[in-house]
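The following features are taken from TrEMBL:
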BINDING   His112, His114, Glu119, His161  Mn(2+) binding site
BINDING   His114, Glu119  oxalate binding site
DISULFID  Cys33-Cys50  disulfide bond
SIGNAL    1-24  signal peptide
Amino acid sequence: MPMKSLSFLASLSLLAITLPLAISDPRSVQDFCVGVNSSVNGVFVNGKFCKDPKLATADDFFFRGLIDPKDPTDTHRANITLVSADNFLALNTLGISFARADYEVNGVQPPHTHPRASEFLVVTQGTLSVGFVTADQDGNRLFAKTLNVGDVFLFPEGLIHYQANIGDVPAVAFTALNSQNPGLSTTADAVFGCTPSIDPDVLARAFKLDRSIVVDLQNKFKTASSFTAV
């Protein structure tokens, strides 16, 4: 094949590789962003407005408080201190957030997902049982481990996962997530506690339960307090 043709094919191949990257959409950092035709009606941006870089100071990049244990405040006997772009504005556009998780004995973070982030967790105190479940097409396989101090576990983006303190002392873990707003959907709360409620007949068929049990679960989750998880 002539050299000119090879150069053309090489250029075409390079363009095919780079073009999708050049025109790809920015990563979403919120659940949805409904478009408007005029900026007059625009309120939110995909992220936050940026401070003039010339006005930034060292204090903008400083956060204090993660060393202090937090008392559990909900029925799951766990407490999460999340550091995201909402309370640490320097994280805006940097694609990362952080959290401290405190678990009482028998404390649990129930099954939940982060739609926009993978999670990297390291145990600094106690013993945790952790795991995640793969998607339907992979057979909903459970990947689970028991973690002790210094152990690390990774939860892939968007997959249902959980953590539970199985030791006889309080447990502490720190996590990093690759989004400034990883999002949170607690599985049971989303299914049984959403507003308005999902038709209980639909859930009864889906979960193979009596309708009365579904209604009872919906009532319980409607009155339960909200929970922040990692």
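All positions are counted from 1 along the displayed chain.
Any Cβ shown, glycine's included, is placed from N, Cα and C.
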Alpha-carbon distance [Cys33 (disulfide bond); His112 (Mn(2+) binding site)] in Å: 22
Local Cβ density at Cys33 (disulfide bond) - other Cβ atoms counted within 10 Å: 12
Cα-nearest neighbour of Cys33 (disulfide bond) within the listed binding-site residues, His114, Glu119, His161: His114
Residue, out of the binding-site residues His112, His114, whose Cβ gathers the largest set of other Cβ atoms within 10 Å: His114
Cys50 (disulfide bond) and Glu119 (Mn(2+) binding site), Cα-Cα, nearest whole angstrom: 26
Pairwise CA distance, His161 (Mn(2+) binding site) versus Cys50 (disulfide bond), rounded so that it is a whole Å: 33
